[in-house]
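This report concerns only the one structure given below.
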Amino acid sequence: MTQDELKQAVARAAIDYVVEGEIIGVGTGSTANFFIDELAKIKDRIKGTVASSEATASRLRGHGIPVFDLNDVESMAVYIDGADEINAQGAMIKGGGAALTREKIVASVAKKFVCIADGSKLVETLGAFALPVEVIPMARASVMRQLAALGGQPKLRLKAGTDQPFITDNGGELIDVAGLKITDPVALEENINQIVGVIAVGLFAKAGADVCLLGTADGVKILSL
Ligand code: 5RP
């Protein structure tokens, strides 16, 4: 099976976690896109969605699925999203698709986080994937120095094909921190959250996934975390 077929399989399996008549939190990225396409098939059975990025909102609307402003939603039964890495405890690195801040916000309002990922995303130790950190642009250099002091190699994410910074949906910039061997994800998330100028860090450890649907050659494995 190709990686896309594995992503499609977990996206299909995630439909079992959609609660009828409810608002569903929807993530960002290629796996989340497959999920949106599956959700479209049962769109009449949900009240609507909250999107974790402009790209996701536009794909949902393209399918005729209602998208609510999070400020108008008090609670959500479930948030469904991919990950760049996940460990056996449900801690994740996210933000490869640049939506980490909104993903964290939407997930924080949902009762359950269902992670959907192809098997390659399951790791023993987080950190081989460079950790994304969203920053206020004027704090970029200062935050990069502090991330380097934590032992990482920070690099500003650039807009593809340019030498200009990539700008997020929130007007922030992204620093990708390579070379971290994250043995205590909760502590690192807390440390980075405390750096002035950081909007959010793509470590989802204090509040990680509750369930992970992992696409493997032997079928979709369910990890209850
Ligand atoms: C976006 C994310 C994505 O969930 C993560 O990058 C995984 O993406 P994909 O499903 O394309 O592999 O965190 O900000």
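Just so it is clear, glycine is given a Cβ too, placed from its N, Cα and C backbone atoms.
Unlike curated entries, TrEMBL annotations are predicted automatically.
Given the structure is predicted, the values throughout are model-derived calculations rather than measurements.
Among the features that TrEMBL reports, active site, proton acceptor is placed at Glu103. Taking a C-beta cut-off of under 8 Å and a sequence gap of six or more, Glu103 (active site, proton acceptor) has these contacts in its own chain: Gly27, Thr28, Ser52, Ser53, Asp81, Lys94, Gly95, Phe204. DSSP assigns Glu103 (active site, proton acceptor) to a helix.
Among the features that TrEMBL reports, substrate binding site is placed at Thr28, Gly29, Ser30, Thr31, Asp81, Gly82, Ala83, Asp84, Lys94, Gly95, Gly96, Gly97, Lys121. Counting only same-chain residues six or more apart in sequence, the Cβ atoms lying under 8 angstroms from the Cβ of Ala83 (substrate binding site) belong to Met92, Ile93, Lys94, Cys115, Ala117, Lys121, Phe204, Ala209.
Apart from Thr28, Gly29, Ser30, Thr31, Asp81, Gly82, Ala83, Asp84, Lys94, Gly95, Gly96, Gly97, Lys121, the residues listed for substrate, the same chain places the Cβ atoms of Gly27, Ala32, Ala117 within 8 Å of the centroid of those Cβ atoms. Counting other CB atoms no more than 10 Å from each candidate's CB, the binding-site residues Lys94, Lys121 peak at Lys94.
Taking the Cβ of Gly96 (substrate binding site) as reference, residues of its chain lying under 8 Å away and at least six apart in sequence are, in sequence order, Gly29, Asp84, Phe129, Pro132.
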